[in-house]
Amino acid sequence: MGSVEAANKDANESLTEKNPTVVFVLGGPGSGKGTQCANIVDNFQYTHLSAGDLLRAEIKSGSENGTMIQNMIKEGKIVPSEVTIKLLQKAMKESGNDKFLIDGFPRNEENRAAFEKVTGIGPAFVLYFDCPEEEMERRLLSRNQGREDDNIETIRKRFKVFLESSLPVINYYDAKGKVRKINAARSVEEVFETVKGIFGPKNEKVNHYVRLMSKLYMYKFHFVSKTKFGNHCLPC
């Protein structure tokens, strides 16, 4: 156990030393966040990491970890936050980049708290693609991707899960002034014009400042936690 904990600590330190820019990308199914992430990657040199894609890739790899994830999903269990976070950490480290779009994560408050605690990294901001449910439903039903979950009943269940689980995360960061809300009901081109205003050079200094303040906050969080509760009560 000691060697595993030491490896995780080393991975955390190597990431935090880079002072990475992390942007959480959230939005309901059909909000168009995947398309906009691709545009951001092409224009602003971010690395796009999808929590769902990483889990599926791990399952496909046939690894012991992948088998465990697959079995949990089959049994209807929720994959522990730490499992997803470790996959994100690994992908971040291997990318060689220091700017990341984390798509579809955190899905809930437990994910959010675990990510900040395990990695010691807070997001520069949250990019929230706000789109009416009727429009997202129309998009999902009209797209021709052959996805099994693109039927009206499942789509509405996904909407409900998003509202119940992810909106509290958005509200949490909104209270800290970290949410960049985008009207995603418009065309791809119109939405990206707004996105460019957020990621463009004029906001680079602001984003850098927010990143530094997030890092200072996380250092303070870890110091206070260890001082108040002790290392054994809050393992990393």
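Including glycine, each Cβ sits where the backbone N, Cα and C put it.
Just so you know, TrEMBL annotations never went through curation; they're auto-generated.
Annotated in TrEMBL:
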- Gly30, Ser31, Gly32, Lys33, Gly34, Thr35, Arg143, Arg186: ATP binding site (BINDING)
- Arg56, Lys77, Ile78, Val79, Gly104, Phe105, Pro106, Arg107, Arg147, Arg158: ribonucleoside 5'-phosphate binding site (BINDING)
- Asn111: CMP binding site (BINDING)
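You'll find the Cα of Arg143 (ATP binding site) roughly 20 Å from the Cα of Gly104 (ribonucleoside 5'-phosphate binding site). Of all Cβ atoms in the protein chains displayed, 21 besides its own lie within 10 Å of the Cβ of Asn111 (CMP binding site). Distance noted between the C-alpha atoms of Arg56 (ribonucleoside 5'-phosphate binding site) and Ser31 (ATP binding site) is 21 Å. It is Lys33 that, of the binding-site residues Lys33, Arg56, Arg186, has its Cβ surrounded by the most other Cβ atoms within 10 Å. If you measure from the Cα atom of Asn111 (CMP binding site) to that of Gly104 (ribonucleoside 5'-phosphate binding site), you get 11 Å. Between the C-alpha atoms of Ser31 (ATP binding site) and Pro106 (ribonucleoside 5'-phosphate binding site), the distance comes to 16 Å.
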